[in-house]
Amino acid sequence: MENNLSTQNALASEATPLLNPNHTANPSRNAEEPSVPLDAESPIQMIREELPILIKSAIPVFGTHVLEYTVIVASVVSIGHLSTNALAAIALGSMTAAVSGFSIIQGFTSALDTLLPSAWTSSQPQLVGLWAQRMFVVMTVCLIPMYTVWFNAEPILLALKQDPEVARLAAIYLRWVSLGLPAYVFNCVSRRYFQSQGLFSIPTRIIMFVAPLNAFLNYLLVWGPKPIHLGFIGAPLATAISFNVFSLLSIIYGIFFVPKTAWHPISRKTFSGLGIIIRLGVSSVGQYASEWWAWELVALGASFLGPVALATQSVLLVSSSTTFQAPYALSVAASVRIGNLLGEKQAKRANIAAVAALLAALVMAALMSAMFIVFRNSWGYLFNDDPVVVKMVADILPLVALFQFFDGGATVAGGILRAQGKQLTGALLNFSAYYIIGIPFGMLLAFKFDVKLPGIWIGLAISLLYCAVLGSWVALRADWEYEVVKVERRLAEERDRDQKAITTEEVIEESV
């Protein structure tokens, strides 16, 4: 305890958490915030206070995710000039890795958005470290079926009628990139470990080093001098090395530059109490991966509309995926902020933070949509010189702008639901939005009524409108006092588990 107190009393640095755990009477209030009783503050005043907190937290998260995206894209760019088969193989391999691995890992570990922020500001901040350890244990087991699929990818892809040479190269890509799969799991967990403590900039600083390193490794291993030049396998190897370097730097930061308040010693408790991790994790996969997989279906549908439509879809997908990082960063910031407030038993403030996040999402989405509309006639030239593709991009961008507006609200509503532990609700919303409403309707317009690619985007916009409206309604009508009770129950369960463990040890000692 003395070490913790001395750490907290030390001079603040860039690794100092924005919010301290609940060791004092009023821990969440920053020194810069006005010392007004919470009940005396008006909702408008609280929204004005929450908005800068959310935006300040979202900015480094945005940087982290954009730079992480470049780690994957760098492989495609470096391989693209080897051969057509090599480019097709890395595209197929990347899609297979995303569907069968990365999306599941990202989804499962997002369950920590429910557990860690509320634990950090509670009276048991060490649960942040304990639940992070438990998540890594569960995900290590989940890696077994992923490795099974990746190491048997060639016969699976051949069974799906892929070109034999492309399938062979895609399988090679998966085997080499699998060297970084455990590190990818660790990175997803460690990022949430830092973010739950308000240390949003640490993953950003790490990826600011790793992303250029990854680009250099891609050049060196794919196109470098003969002793180092590896050709096709250099790209997945560079990705795997980058994932492992990220893990190493995260460990160094965690050991030497971050207070140990949230850490829990590795013990038998790490391997117990896994039920809540599994329950929330499975629902989180449904919430996160169902949306990811939907985009793969959309890409498949666009491929049947011809090369111009497919090229246009690629431009629109890259554009919307990049701008998506902004509302997603805000959703992460909202999850952490709301979780922190629930851990401090500030139900009213958590509600206000949710409202502020949705308002910020609407403004952000409106700006992104306006950008697409204003620059729609020239936007396609950023990616392609074909005037036919540029014209089709310009024609569909207004629909993408509409989609983007709804996507902001839907994404942030999903983050609020994660903070509330309602991943199953989010999964059901996404599943019904994409697989029951949006994609079937979009495909019907595209193929049955010959609307083609615009029809697919109309379906996607309807999906996101559905998610934004229903998701926001469910998130905001929550009983916030009950959300605080749910946090207290989780903490009480851990205390009971500790007490039972102590009692068991005492009985064993007495019997001996």
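Glycine too: its Cβ is placed from the backbone N, Cα and C atoms.
What you see is a predicted model, and the numbers here were worked out from it, not measured in a lab.
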Where TrEMBL places transmembrane segment among the ranges 170-189, 270-289: 270-289
Stretch-level contact, the transmembrane segment (455-476) and the transmembrane segment (202-221), CB cutoff 8 A, at least 3 pairs: no
Ranked first among 86-108, 202-221, 295-318, 352-376 for CB pairs under 8 angstroms with the transmembrane segment (233-258): 202-221
Stretch in 58-80, 86-108, 428-449 most in contact with the transmembrane segment (202-221), if contact is a CB pair under 8 A: 58-80
Distal contacts, the transmembrane segment (58-80) - CB-CB under 8 A, six or more residues away: 86-87, 89-91, 94, 191, 195, 200-201, 203-204, 207-208, 210-211, 214-215, 218-219, 222-223, 232, 234-236, 238-239, 242-243, 321-322, 325-326, 328-330, 332-333
